[in-house]
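> Swiss-Prot lists these features:
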type: BINDING; residues: 426-430, 446-455; note: ADP binding site
type: DOMAIN; residues: 9-222; note: domain 'YjeF N-terminal'
type: DOMAIN; residues: 232-515; note: domain 'YjeF C-terminal'
type: REGION; residues: 1-224; note: region 'NAD(P)H-hydrate epimerase'
type: REGION; residues: 60-64; note: region 'NADPHX 1'
type: REGION; residues: 136-142; note: region 'NADPHX 1'
type: REGION; residues: 232-530; note: region 'ADP-dependent (S)-NAD(P)H-hydrate dehydratase'
type: REGION; residues: 389-395; note: region 'NADPHX 2'
Amino acid sequence: MYLVTAAEMGQLDRLASSEYMIPSIVLMENAGLRVVESIERHFQGQVANRRILIFCGKGNNGGDGLVVARHLLNRGAEVKVFLLARPEDIRGDARTNLEIYQKMGGKLLLLLGESHLQRADIALLYADLVVDAIFGTGFKGAAMGLPAAVINMINKAHRETVAVDLPSGLEADTGRCFGPCIQATWTVTFALPKLGLVVEPGASLTGRLEVADIGIPQKLVATQHFNRRLLTAAWCRSQLPRREASGHKGLYGRVLAVGGSPGLTGAITLAATAALKAGAGLVTAAVPRGVQGILAMKTTEIMTMSLPETPAGALSRDALDPLLERLAEVDVLAIGPGLSRDPATVDLVKELLPRVQVPAVVDADALNALATDTRVLTGDHGPLVLTPHPGEMARLLGTTAAKIQEDRLEIAAKYAREWQAVLLLKGARTVIAWPDGQVYINPTGNPGMATAGSGDVLTGIIAGLAGQGLKPGVAAALGAYLHGAAGDEAARQRGQRAMMAGDLLDFLPYVLRNLEEEVETIVAAGLGRD
């Protein structure tokens, strides 16, 4: 599902009118009707006699709200419109809908100053629902003055609130909120989701997101060159590797997982197990000689490979040649889980990666090794999938995690191009950037997954998918979705607070089966179905 900026959405609206002769007032009517239908579903078809307050600004978003008011009035709801502007200041299609609403006898109350707030505050005490139609996609900066006071008043009332297109006070392009912003119960956005609705903090303010068709021709959408997508179950289902009836384990990918060190054998075990559970045919865990026995006792299905080690028990520079020999026999490399930051291991990583020709999924201490010399990334290398969390990304760039979080999408996209690697930036709403400029945002996952070993599971899933022949970017995007969906299922069945990385392994097969069989149990947090 494409994600758009305010400018891109505005261009679609204009082209729908200029090239397809769809009047803008028709788009406004369709938008308002979709919100009304959503409200009807919310109340299970019973909107008659519901006390619904609609707060309208003076722009087109307010016009959408006036369409909502008209149709709810026709359906028997007790509607009050609070207008944050003088009627004579309303223009265009919004003015037309205001006049229709007034001719229908609808209640219109003006909010022109703080002295008018008391009546709205009292009405909120008895409201069944609030409709937020104050600001639209053109809003930038911070809500101030009267609009800010109204937004704060609505939030303090703690009434169920549906936002029209996006919560007022939220920037459509960035998801940032520099002043008060509506905390919506759910949001009905039009045609395509706006970027700011699916990245934090916007995603948390949006509530459940519904994407409504307002009649913009799909033929028109197909002519546009949008490079950002929201991952959906439908897209992920279409990317699943096929399992042939005549298939064998060699056909489904040979994965070499390199990592482990004293005290950190769990990380490489999780990654290797995840690769198998993601569908890989054969997985070998290559670890320091001193921990091979521990790993062999931990696992049954995973093969192990013993490698030379340093006096501290980490992988030594002498592991390079054995690894290169084994890499000639596998389809994908996963490197980093539990690897350690031993100086000899750091040197090993920097010498190994430029010589790897198969796709390599690079995580954890392998990323920390690259942070000591990023020339490995800017030089010649094979296909790479880098999977940093914000702290690891900050080390790669010599900055802070806070700076990374301020501009996650742009940073991921920039360095995916610069390093010619797939860059998966972990966090709430994980970003997957491809070297060609495409960016995917993953809606699955929850805070319970912020636990030791979760990233190791993700590394293994991606490697397992890449081993089955998926391109690195597809493997990373699909892997992120499956990883988060497994976490969501674990949260539903076991709760978030006590979640462990092993729970993700338990529920990954369940998620894969349901996705493959098109069972609609995978619903991304905050989103409706595809």
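Even glycines carry a Cβ here, placed using N, Cα and C.
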> Are there residues at least six beyond either end of the region 'NADPHX 1' (136-142) with Cβ under 8 Å to its Cβ atoms? List them, or say none.
6, 9-10, 57, 59-61, 64, 148, 164-166, 168-172, 178-179, 194
> Indicate the candidate from Gly453, Gly455 with the smallest number of other Cβ atoms within 10 Å of its Cβ, considering only these binding-site residues.
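Relative to the other binding-site residues in Gly453, Gly455, Gly453 has the fewest Cβ atoms within 10 Å.
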> Only counting partners 6 or more residues apart, tell me which same-chain residues put their Cβ under 8 Å from the Cβ of Pro447 (ADP binding site).
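The answer is Ala428, Gln496.
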> 10 Å Cβ neighbour count around Thr430 (ADP binding site)?
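Its Cβ has 27 other Cβ atoms within 10 Å.
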> Over the region 'NADPHX 2' (389-395), what is the model's average pLDDT?
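A mean pLDDT of 97 is what the model gives the region 'NADPHX 2' (389-395).
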> Just how many other Cβ atoms lie inside 10 Å of the Cβ on Ala428 (ADP binding site)?
18
> DSSP-wise, what's the residue breakdown of the region 'NADPHX 2' (389-395) into helix, strand and coil?
6 helix, 0 strand, 1 coil
> Mind giving me a neighbour count for Met449 (ADP binding site)? Other Cβ atoms within 10 Å of its Cβ, every protein chain shown.
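A count of 26.
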> Quiz question: given the binding-site residues Lys426, Thr451, which has the greatest number of C-beta atoms lying within 10 angstroms of its own C-beta?
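Going through Lys426, Thr451 one by one, the largest Cβ count within 10 Å is at Lys426.
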